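As given in Swiss-Prot:
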type     : residues : note
TOPO_DOM : 1-388    : topological domain 'Cytoplasmic'
TOPO_DOM : 427-441  : topological domain 'Cytoplasmic'
TOPO_DOM : 472-534  : topological domain 'Vacuolar'
TOPO_DOM : 555-572  : topological domain 'Cytoplasmic'
TOPO_DOM : 594-638  : topological domain 'Vacuolar'
TOPO_DOM : 659-718  : topological domain 'Cytoplasmic'
TOPO_DOM : 744-764  : topological domain 'Vacuolar'
TOPO_DOM : 804-831  : topological domain 'Cytoplasmic'
TRANSMEM : 389-407  : transmembrane segment
TRANSMEM : 410-426  : transmembrane segment
TRANSMEM : 442-471  : transmembrane segment
TRANSMEM : 535-554  : transmembrane segment
TRANSMEM : 573-593  : transmembrane segment
TRANSMEM : 639-658  : transmembrane segment
TRANSMEM : 719-743  : transmembrane segment
TRANSMEM : 765-803  : transmembrane segment
Amino acid sequence: MGELFRSEEMTLAQLFLQSEAAYCCVSELGELGKVQFRDLNPDVNVFQRKFVNEVRRCEEMDRKLRFVEKEVKKANISILDTGENPEVPFPRDIIDLEANFEKIEIELKEINTNQEALKRNFLELTELKFILRKTQQFFDEMADPDLLEESSTLLEPSEMGRGAPLRLGFVAGVINRERIPTFERMLWRVCRGNVFLRQAQIENPLEDPVTGDSVHKSVFIIFFQGDQLKNRVKKICEGFRASLYPCPETPQERKEMATGVNTRIEDLQMVLNQTEDHRQRVLQAAAKSLRVWFIKVRKMKAIYHTLNLCNIDVTQKCLIAEVWCPVADLDSIQFALRRGTEHSGSTVPSILNRMQTNQTPPTYNKTNKFTYGFQNLVDAYGIGSYREINPAPYTIITFPFLFAVMFGDFGHGILMTLFAVWMVVRESRILSQKIDNELFSMMFSGRYIILLMGLFSTYTGLIYNDCFSKALNLFGSSWSVRPMFTDTWSEDLLKHTSVLQLNPNVTGVFNGPYPFGIDPIWSLATNKLTFLNSFKMKMSVILGIIHMIFGVALSVLNHIYFKKPLNIYLSFIPEMIFMTTLFGYLVILIIYKWCAYDVSTSMVAPSLLIHFINMFLFSYQDTSLPMLYKGQMGLQCFLVVCAIICVPWMLVLKPLILRRQYLRRKHLGTHNFGGIRVGNGPTEEDAEIIQHDQLSMHSDEEEEFDFGDTVVHQAIHTIEYCLGCISNTASYLRLWALSLAHAQLSEVLWTMVMHIGLNIRSLGGGIALVFIFSAFATLTIAILLIMEGLSAFLHALRLHWVEFRNKFYMGTGFKFLPFSFETIWEGKFDD
C-alpha cells in the first residue's frame, strides 16, 4: 500500500557504543536525524549523571555567546549567516573554544566598563558646560535693573531698611526635564517660598552612560540665604537625583572653567571615538563567526544531553543506549555508526542490535514540503496510532475540495491562488530571510494548502458560475425568452405582471443544460436563491455521505493490516450496511429523482423528505402520495430491517464472542515454570522455551479481560455510531450554509460599494471610482478572503477531524521525535 498511506515501520534497537567513540557516533546520528533515544536513567537526578560537567561547560559557553550576541545586536551589526552547517567539534576542542569565548567576553566587558566610565565623565563635563553657559545667562539677567525688584523679594523688609549687605548662596545642577514641575513645588513647600529657582532646558538630548538612551534634561540654579536652606535644598536635589556641580561666582572664573571644560570634552570625545572603533572591530569580528559558534556549542550540548540518557556497563568501557528508529533506515544508521567510529579513531566497532518488545512504537510519517502542511493538519487533532491508516494523503484532496464547496467564487479563488503561487515561487528567498512574523510564518508553512484551496475554489466558482457575485456568460445562456412572446405572454400580462416566469415546456425556451456549471440566466432570476439552496443542500448531503462511507471503507484496511477479522465481521460490515441502507439509499434517491423527472413531469415529482420519513415509519397508506418507482415499499422495508438488524449485530455479538474466546484461552491456559512455558493444549508440541525476560515482559503487559467494560465500550461505540450517522450527515449541511453566506456577503459588498461607483455618471465618477475600488478591494481581502476564508477553513477542518476520521482513525499514538541537529543549524536555537 505504500509508506505514504501508513506510518513507517519502527523497531527498538540497542546500541553498544565504545566510550571513546560514543561522542562521535551520537554526533553522526544527530546529523542523520533518524533515531529517538530512550532515557535509560529515569530515576537518576539530572545533576548526578555522568556528563553533567560537560553539559555545564557547554551552557557556560552558550551564556557567553548570548552575551556577545546581545552586544552585537545592540551595536546594530548583522550576524553573518552563510547557511553553513559546521561539523561538531571534538571533545578536545572544547578547551580552545572556552578560551576564545572567555577572551572575547573579558575584552568586551573591559571595553564596556571603560566606555561607560568615559561616557559618564563625558556626560558630567557636558552637563557642566551647559551649567556654565546657562548660569552666565542667569547672572546677566540678574544684573538687569528691571529685575532688581524681583530679586529683592528674598530679603525681609526690616533688613532692607537697615541696608545690611547680604550675600545670597546658590547651587547649580542638572535634572531630568519631566521632574522640573514636581521639583519646583517641593522646593516651594519645604523652603516656604524663601528660595529663588531659575531653570532652562538643554536643547540637545544627552545620552545615558548606562542604558544608552537619550534623556532630556534641564539646567537649574537655586538662590537661598543661610546654611539651613542650603542643606534643605541639597537634600531635595539628592532626593530628585539631580546632579549638582560647582559653579564659580565671578564671570572670569566661569569663563576660564568653561574653556578648560571644552578642552577636556574634545579630548574625551577623541578617546570615546577610538574606544567605539575598537569595540566595533571586536564585535564585527565576532559577528562573522557567531552563528557557527552557536551551532557548534549547541550541538555539543545536545550530544552530552543524549549521552546522559545512556547506561554505562560495569566495565566502564561501553555505553548502552536504546533507540526507536525506522526499519527502512537501519542501513544508514549502521553506516553513521561506522563513520563515527572511524572519526573517533576507535578500533572496536559500535553494535546495533534489534530488540523484541511489546511496547507501542512512535508514529513516524515521512513528509516533504508539499505534504508537510497536510500532515500537520492531521497531527493537530491527534497523532495516529502506530501503522494505522494515515489520513493525510486523502486530506490533500478532500480538505481543499470541501473548503472550496463553502468558499466557491472564481474571483476570490484566483486571488487566493495568486497569493499562494507567489509564496511557492519565492519560497527559497523567503526561507533564507528567516522571517520572525508568526502569522506570516504560519501561512507560509501552509502555502501548498492555500494553493490547492485557491485552485479548488476557482473550480467550484466556475461550477457555481460566481465571480465576485456576478455570473460569467461564457457559452451563452441555454434559455431564450423569445418563444414566450409568441403564444404564452399576452400584452395584458406584460402590463400588469412585474415578475414573469419562463416555461421550459414551451418549445425553444430551454435548449438543454449549460455546458459547464450553472446557467448565467439564474443570476437574474427572482427565484435564484430557491434554486441554489435546493441544489447546494442536496449536493452537501451527497458529498457528506460519500465522504463518511469512504471513511468507513478505510477502516477495513486497518482491520486487515492488524489481522483483526473479528472487527471486519462485527464492526465494519454492520457499520457499512447501516450507513448504505439508510443514507446511501438517500443519495440514490436524490440522484434518481434528478434523472427520472424532467421539466414535463416536475409538477408531479414527489417530496423526498416525506418519502424518507415514511420509510422509517413504515407508513405507506397514503395513496395520494405517488411512489418514486415500482417496488419501492418492499425495498425500503427491507433496507430499514437490515439497518435495525445491524444495531444488535454491533452491540451484542462482539462482547459475547470475545468472552467466549477468553474463556477458551483460560481453559487452555499456559503456566510458566522457570524459563519454560508449558501449555495444556491438545498437542504437546505447544510447549516452547522462552527467555525469562520475555516471559516477564509478556506477563506484565497482558491485559485482563473484563466483560463488563467490553459491553459498556461496545454499547457506547454502537450508540455513538448510529446517532453519529444522523448528526454527522446534518453536520455536512454546513457546506450549503457557508456557501450561501459567502455568496450573499459577496453580493452585498458589490451592491453596497462597487455598484455605487459604477453608477456615478458625472465627470468625477472616474476619480471617485478609484477610491471606491480601493475600498472594495480592501473589504474583499479583509472580509471575504481572510475572515470568510478562515471560517471555511475551520469548518472544513472540523468535518475532517470529527465527521470523517471518527469512522476509522484512532489517533492515540505519540510522535516520533528523532535526535536531530536540523533545528540547530536552521537557526531554531530555542527548539
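Backbone N, Cα and C define each Cβ position, glycine as well.
Where the transmembrane segment (573-593) meets the stretches 389-407, 535-554, 639-658, 719-743, the count of C-beta pairs under 8 angstroms peaks at 535-554.
Taken through DSSP, the topological domain 'Cytoplasmic' (427-441) splits into 11 helix, 0 strand, 4 coil. Counted as Cβ pairs under 8 Å, contacts with the transmembrane segment (719-743) are highest for 535-554 among 389-407, 410-426, 535-554, 639-658. Nonlocal intrachain contacts for the transmembrane segment (410-426), taken as residues 6+ away from its ends with a CB within less than 8 angstroms of a stretch CB, comprise 404, 443-444, 447-448, 450-451, 453-462, 466-468, 472, 746, 780-781, 784-785, 789. Taking H, G and I as helix, E and B as strand and the rest as coil, DSSP gives the topological domain 'Vacuolar' (744-764) the counts 15 helix, 0 strand, 6 coil. Mean pLDDT across the topological domain 'Cytoplasmic' (1-388) comes to 87 in this model. DSSP states for the topological domain 'Cytoplasmic' (555-572), grouped as helix (H, G, I), strand (E, B) and coil, give 15 helix, 0 strand, 3 coil. Each residue of the topological domain 'Vacuolar' (472-534) gets a DSSP state, and the totals for helix, strand and coil are 22 helix, 2 strand, 39 coil. If you look at the topological domain 'Vacuolar' (744-764), the same-chain residues 6 or more away from its ends with a CB under 8 A from one of its CBs are 409, 412, 466, 468-470, 772-773, 775-776, 779-780, 783-784, 788. Tertiary proximity for the topological domain 'Cytoplasmic' (427-441) is limited to same-chain residues at least six positions away from its ends with a CB under 8 Å from its CB atoms, namely 81, 83, 369, 447, 827. Below 8 angstroms of C-beta separation, residues 1, 6, 387-389, 649-650, 653-654, 657-658, 807-808 of the same chain, each at least six residues beyond the ends of the topological domain 'Cytoplasmic' (555-572), sit close to that stretch.
Counting residues per DSSP class in helix, strand and coil order gives 23 helix, 0 strand, 22 coil for the topological domain 'Vacuolar' (594-638).
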